[in-house]
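**Q** The structure is given below, and queries will be raised subsequently.
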């Protein structure tokens, strides 16, 4: 009795765990990789191909049949071929009626066709249920176990049941489905793999522009000016000295630009008296790329640290130190320690070390593997409170370094101030504006606005008008 019961339970378990067959049209790299992954996940796989001859490249547990025969064996058919070869599907329209067709294709250019490939497939086979999926996953990612690539798979389709079936397959493969809505989203999904670092474009272009500007600025002040006016050849400054001035300048400016859009957003909300009004497009795009701006700033700060570490090994620095030592020996005079300069030197180094430490902490918490393990309040504390502390420390580091030269006429070459003076403009604007915004007279109404309060609630006025009119 017990033995029979256990056999029945085992049989029922096997039946419940048995997965439906999946058909794949196409035996290319992606089709084979996906078929192999499906077989590993327990799905019976049948390939539909022009040639029914088996190959050593095809997974050994899969069948290879003609397109017509393969389509009749599965309810879900993955179209692993390019759009230009879809024409053979038209004669199969009756067989594919009611089937779930999964379009995985991509294009060569963004918006290459008026409609998406998935929408074109739906027009070609009107009786089928078309779902867009798997186009953001590569064959290599499937073959390597998807451990080294993004696990997200964007899915869209008009039929909810068909879309759910595809999402179940995605989960079974160890991937994460992301529902993007109806088939109208297919073109956006198809454009996604063709975009080259879309969120990095503005930060990188801005960094390149600022780098070029400050390079030529420092070249004029530190190389061309001494050569013209003092007959000194300091062209070797191009290798270490000028980059070591550009990197901290860009790190400070870019860090300030991370927090400047937040200041603009607060001012706009206070002016409008509501948070329900959309920001300007330029501000929206700026706020979306703040993470990338911060990471680029961290990269420049790290380069500054490396350049600073190699300073004692430079021939110019060793020559200058030895010259000062020989000069003091020949004059039989020892320069006494200037404690004020010692304090300033140690203070600016300490501020730089602390600033770089918090800078690295901000970069670490922005990584998805870390940010996904902290709650919203913890993440906001690190990125906002510690972020402003980092900006204060880095700005103070620059001020202590060169504050004594602000009013020195010798620091203005051809009436051009030192480059680090220019780097303080944006950070000081951000810090002063933030200091003003934390005053209770501004902070309290701003907090209320961000909690949903409106100075002139249009919707409540309209609702009152409707109520009064109905009462009359």
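Glycine is no exception: its Cβ is also placed from the backbone N, Cα and C atoms.
Remember, TrEMBL labels are computer predictions, not curated facts.
What TrEMBL records for this protein is below:
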{"type": "DOMAIN", "residues": "22-107", "note": "domain 'Pyrroline-5-carboxylate reductase catalytic N-terminal'"}
{"type": "DOMAIN", "residues": "249-394", "note": "domain 'Ferric oxidoreductase'"}
{"type": "TRANSMEM", "residues": "204-228", "note": "transmembrane segment"}
{"type": "TRANSMEM", "residues": "248-271", "note": "transmembrane segment"}
{"type": "TRANSMEM", "residues": "292-310", "note": "transmembrane segment"}
{"type": "TRANSMEM", "residues": "347-365", "note": "transmembrane segment"}
{"type": "TRANSMEM", "residues": "386-407", "note": "transmembrane segment"}
{"type": "TRANSMEM", "residues": "419-442", "note": "transmembrane segment"}
**Q** Grab the pLDDT values for the domain 'Pyrroline-5-carboxylate reductase catalytic N-terminal' (22-107) and give me their mean, rounded.
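**A** A mean pLDDT of 89 is what the predicted model shows over the domain 'Pyrroline-5-carboxylate reductase catalytic N-terminal' (22-107).
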**Q** Please work out whether the transmembrane segment (204-228) lies in contact with the transmembrane segment (419-442), by counting C-beta pairs under 8 angstroms that are 6 or more apart in sequence and asking whether there are at least 3.
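**A** The transmembrane segment (419-442) and the transmembrane segment (204-228): touching, yes.
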**Q** Counting by DSSP secondary structure, give me helix, strand and coil numbers for the domain 'Pyrroline-5-carboxylate reductase catalytic N-terminal' (22-107).
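**A** Tallied per class, the domain 'Pyrroline-5-carboxylate reductase catalytic N-terminal' (22-107) gives 27 helix, 19 strand, 40 coil.
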**Q** List the helix, strand and coil residue totals of the domain 'Ferric oxidoreductase' (249-394) as derived from DSSP.
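**A** Reading the DSSP string over the domain 'Ferric oxidoreductase' (249-394) gives 122 helix, 0 strand, 24 coil.
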